[in-house]
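Taken from TrEMBL, the feature domain 'DUS-like FMN-binding' covers 8-299. Marked as FMN binding site by TrEMBL: Pro10, Met11, Met12, Gln63, Lys132, His164, Asn204, Gly205, Gly206, Gly226, Arg227. What TrEMBL records for Cys93 is active site, proton donor.
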Amino acid sequence: MSERRLSLAPMMERTDRHFRFLMRLITRRTRLYSEMVVDRTLIHGDAARHLDYHPAEHPVALQLGSADPGLAARAVAVARPWGYDEINLNVGCPSPRVQAGGFGVVLMRTPERVAEIVRAVYEETGVRLSVKHRVGLDEHGDYAFLARFVEVVAASGVRVFVVHARKAWTEGLDPKANRTVPPLEHAKVHRLKRDFPELTIVSNGGLASLDEVTAQLAYVDGAMVGRAMWDRPWRWAAADRVLWGDAHAPDRRAVLERYEAYLHERLAEGVPLRALVRPLFNLYKGERGGRRWRQALDAALRAGRLPGGGLAALAPEAGAPA
Ligand SMILES: Cc1cc2nc3c(=O)[nH]c(=O)nc-3n(C[C@H](O)[C@H](O)[C@H](O)COP(=O)(O)O)c2cc1C
């Protein structure tokens, strides 16, 4: 097996560079995935706005949305100088807008197309994409469909498959329901690892704790966590120690101090305060003082600035009443 992995899942409106930076202060080894960026956005838009990140974020992955070999290759050529550790193709998103563009999960129906994209990107840029997909879609719920997808795509050179262990319904369920209604089928992902032992297989979906991640790692190379990292970022503070045996154990006050220094650097560059404070809201969620912390951050946003003592003065451990 390759080195075990824990990853923060790509999430639109969530895993921007600021949340990723916060997660990096909490865990040094977790691989951080960006929000999905569409090929044309990189080719025609303000690439730096979507691609800039802090050097501390490594290992960091960019997620690309594309259905077209030529556009994918051009977009990766644009992104390449930024030095991402991995570029991942989104073959899992069922949102109507993404479906309309012909990319996301509907690409699972045409693994040959995915393979073409992977080959075009490799020929043009030398970058070997990874792929994030589902265990199936619509009427294609059997393991043979999944295994064929992986086989065809692996033949184009993909080595890393991140599998959201649910199938997607392209009609009748909105994206949110598509993350809760179809049942989790991690056993299918485990079977993939048995059938394709040479590939790096990462399991995703519904993993809420380090114990659940550890349980996955008995079967696959890695686990990816989305909502449970956004909802409870501090829950992952033990990740480096538990998964990789590191001595490093982050201290929440030190994390806040470092995040605050980062926040001021970004503010000076014109990043809005709201975008910088948003990742912090859940840092004490479910703990004594957690609600008060959120209220204090809300008040700071209404005032348009942090209070004199900074974030540390607002933190529950500073003695703020619960
Ligand atoms: C708000 C939100 C946005 C998401 N955006 C993306 C995305 O841009 N690309 C992608 O591949 N998956 C996206 N996902 C799916 C997650 O990456 C992940 O596969 C899914 O949430 C299941 O993992 P979890 O149960 O650990 O959250 C998104 C999920 C959420 C909740």
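Glycine is treated like the rest: Cβ placed from N, Cα and C.
Unlike curated records, TrEMBL annotations are generated automatically.
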Cys93 (active site, proton donor) as reference: those binding-site residues from Lys132, Asn204, Gly206, Arg227 with C-alpha within 10 Å of it: Lys132
All-chain count of other Cβ atoms within 10 Å of Arg227 (FMN binding site): 16
For Pro10 (FMN binding site), nearby residues of its own chain (Cβ under 8 Å, 6 or more apart in sequence): Tyr33, Ser34, Glu35, Met36, Ala61, Gln63, Asn88, Asn90, Lys132, Gly226
DSSP three-state assignment (helix, strand or coil) for Asn204 (FMN binding site): strand
